[in-house]
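Undergrad: Sharing a structure, written as structure tokens. Questions coming.
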Amino acid sequence: MNQKTILVLLILAVITIFALVCVLLVGRGGDGGEPSQLPHCPSISPSAQPWTHPGQSQLFADLSREELTAVMRFLTQRLGPGLVDAAQAQPSDNCIFSVELQLPPKAAALAHLDRGSPPPAREALAIILFGRQPQPNVSELVVGPLPHPSYMRDVTVEHHGGPLPYHRRPVLFQEYLDIDQMIFDRELPQASGLLHHCCFYKRRGRNLVTMTTAPRGLQSGDRATWFGLYYNISGAGFFLHHVGLELLVNHKALDPAHWTIQKVFYQGRYYDSLAQLEAQFEAGLVNVVLIPDNGTGGSWSLKSPVPPGPAPPLQFYPQGPRFSVQGSRVASSLWTFSFGLGAFSGPRIFDVRFQGERLVYEISLQEALAIYGGNSPAAMTTRYVDGGFGMGKYATPLTRGVDCPYLATYVDWHFLLESRAPKTIRDAFCVFEQNQGLPLRRHHSDLYSHYFGGLAETVQVIRSMSTLLNYDYVWDMVFHPSGAIEIRFYATGYISSAFLFGATGKYGNQVSEHTLGTVHTHSAHFKVDLDIAGLENWVWAEDMVFVPMAVPWSPEHQLQRLQVTRKLLETEEQAAFLMGSATPRYLYLASNHSNKWGHPRGYRIQMLSFAGKPLPQNSSMAKGFSWERYQLAVTQRKEEEPSSSSVFNQNDPWAATVDFSDFINNETIAGKDLVAWVTAGFLHIPHAEDIPNTVTVGNGVGFFLRPYNFFDEDPSFYSADSIYFRGDQDAGACEVNPLACLPQAAACAPDLPAFSHGGFSHN
């Protein structure tokens, strides 16, 4: 081979190698190698925007930091120098417990929203604890107008018919600290021998923690609480590490020095005091079960034992978000509404409109309840009325990518509770549009003609979460393109446990060597103020019946014909359905206006609940949560019946501040402004798979509000997201099928913000 031939071959080899490299580079850019740089998707700022001008939507906006500060300053001046910061207040002190928005009267709000009248005065509601007065009491004061308050008025008598007894007040954080100090510094040393033996006791080392129960006693006027003791497991749920010791603390006295331990329960037996327990232990009369301190190992920890894997699926907005959040107002092409958070009652929405027409004045969580069973005193007496702790107060920051989609819009919440200055929960709400991965409607036709039509369901969601002791609640309000509204809550977090002893099968399941997962029910109550084509509404019940008949063309044969039954419910008693009773399968509120087909325009309430049995009515505390007895009740709307529960019901359910059953007094509901009160819940018998946490799957309940002849046809028919093509069309052409354009429209990389978390303390 001559030199010239070799040179030609070398040149050809270089060209071939260069061509192969080019092919490889192009291939890697398009088929899974190092990706070529995609353009960023167009986007609007993912954060909520502040108010740009005074507007109607601010009627329902929670108080700003500036407004909370102004109210606090005004009250401090008016109530005098005797006020103590609630963060350090003793029971014998005067303090401002809470300040939050006083909702405007509905008539005044609608006059402003619909007729352009001046907005009602913006006001705050403050709860004051007067422990230093000759007759200690709790008062409610309305302060206004905001942002520059000039008046306050005492509304305690107006709201409650008289002064509120002081024993009904919520337990302040300082009171819990004083109880802990009493238990650990004064009481537990009396049983140090037993505690060293069973529980690795370290005086002042605090390897143990307490957990409260509620209510606090056995009759009105009591303030005596069972506290369970658990290992203090850092970084994991102590709720699963019960050591078998429970203490009944009487903390009714205004001076903590006079608080006492009334009873002691240890691993299945009752004692009069810790000193008696210690004496019997020293005498060899106490059968002690040693409880290992497992630390954060095993299944108690939420830290995964496996390394991270590939990134999970991610939803994003290829052409930018299709909704906006300004202040507390959410707007999309279909839905608008205002949102907020009651300090005690939790999430709420107002002035909900679909395609510009108001459907709902208010949907608000009212109360949540967990009733426990067990063979220890703490377990058997626990009825957590969560509004008494505060479902807004104990809202938590939402973790991006876990609690909500990574690209959701996050909104802060400002509050003033047990403090002289307002605090902020960062990312307390999230708002997002979600593709459900499910068709809202579809049909594929191979019969007579060939075509496909459908619509992928995308929903607008607003979400918040509350962590109340061991449980985490997810509160969802979901808006569908069909005009339906879905309200749902989920329970997750840690179960509440008890020390395992005796015949436990009646009270739950064993979930660890010494741990009983105690049976309990979850219930939540919602206020639904529907305004269907106006304020005058009627309640209709429809169901089904089979009616026997002779077959018309063959009379000797019988046929069971399915028919619809209809009944107008005219009184509150007729529209109050007890838990477990037969409820019409279709119950809807309707106006006296008709749709195109002559039917009353209505909205149906469809339950999604498998609630446990309510507390028997002969229970001494049943009045404290009488709403739990009704799966659904419809009443006349009254300003003097704003809520079905009260922050004060937890600590005195025996003489309830608000008894919901009083709302149902057989008044007419025909052609009136109506409120539907809905209970959703479920029975939870904890099991092994609740360790370490209860999962949301199967533990979500709620209800739908669905149009029922409200429209002339399905409003989603007009959705710009609809897809339709025939068999003789090219479904891959953009002009025929918008989904065919998706490879170009969505050929962009989402602009992901840096991960952030709202933290574990509020500033």
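Note: Cβ is positioned from N, Cα and C throughout, glycine not excepted.
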Undergrad: In Swiss-Prot, Cys199 sits in a disulfide bond; tell me which of Cys95, Cys198 is on the other end.
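TA: Between Cys199 and one of Cys95, Cys198, Swiss-Prot records a disulfide, namely with Cys198.
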Undergrad: Name the one residue among His414, His443, His684, His687 that Swiss-Prot lists for the same Cu(2+) site as His520, His522.
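TA: Swiss-Prot lists His520, His522 binding Cu(2+), and from His414, His443, His684, His687 it also lists His684.
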Undergrad: Could you look at Glu556, Glu570, Glu572 and say which one Swiss-Prot places alongside Glu641, Phe663, Asn665, Glu667 in the Ca(2+) 2 site?
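TA: When Swiss-Prot describes the Ca(2+) 2 site, the candidate it includes is Glu572.
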Undergrad: Measuring CB to CB from Leu530 (Ca(2+) 1 binding site), give everything in the same chain under 8 Å that is also at least six residues away in sequence.
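TA: Listed in sequence order: Leu359, Val360, Tyr361, Asn537, Leu589, Tyr603, Leu674, Val675, Ala676, Leu705.
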Undergrad: With a radius of 8 angstroms around the mean position of the C-beta atoms of Asp529, Leu530, Asp531, Asp673, Leu674, what other residues of the same chain does the Ca(2+) 1 site pick up?
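TA: Here the nearby residues are Val360, Tyr361, Val528, Ile532, Leu535, Asn537, Leu589, Arg637, Val675, Ala676.
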Undergrad: Please name the residue among the recorded positions Asn232, Asn618, Asn665, Asn666 whose C-beta has the most neighbouring C-beta atoms within 10 angstroms.
TA: Asn232
Undergrad: Including all protein chains displayed, how many Cβ atoms other than that of Asn592 (N-linked glycosylation site) lie within 10 Å of its Cβ?
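TA: Around the Cβ of Asn592 (N-linked glycosylation site), 13 other Cβ atoms lie within 10 Å.
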Undergrad: Neighbourhood of the Cu(2+) site (His520, His522, His684): other residues with Cβ within 8 Å of the Cβ centroid, in order?
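TA: Filtered neighbour residues, in order: Ala370, Ile371, Tyr372, Ala491, Val519, Thr521, Gly612, Gly681, Phe682, Leu683.
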Undergrad: For Asn137 (N-linked glycosylation site), identify the closest of the binding-site residues His522, Glu572, Phe663, Glu667, Asp673, judging by Cα separation.
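TA: The answer is Phe663.
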Undergrad: Select the closest residue to Asn666 (N-linked glycosylation site) from the following recorded positions, measuring between CA atoms: Tyr471, His520, Glu572, Asp673, His684.
TA: Glu572
Undergrad: If I take the alpha carbons of Asn618 (N-linked glycosylation site) and Phe663 (Ca(2+) 2 binding site), what is the distance between them in whole Å?
TA: 19
Undergrad: So which other residues, same chain and not among Glu572, Glu641, Phe663, Asn665, Glu667, have a Cβ within 8 Å of the centroid of the Cβ atoms at the Ca(2+) 2 site?
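TA: Apart from Glu572, Glu641, Phe663, Asn665, Glu667, the close residues are Thr635, Gln636, Lys638, Asp662, Ile664, Asn666.
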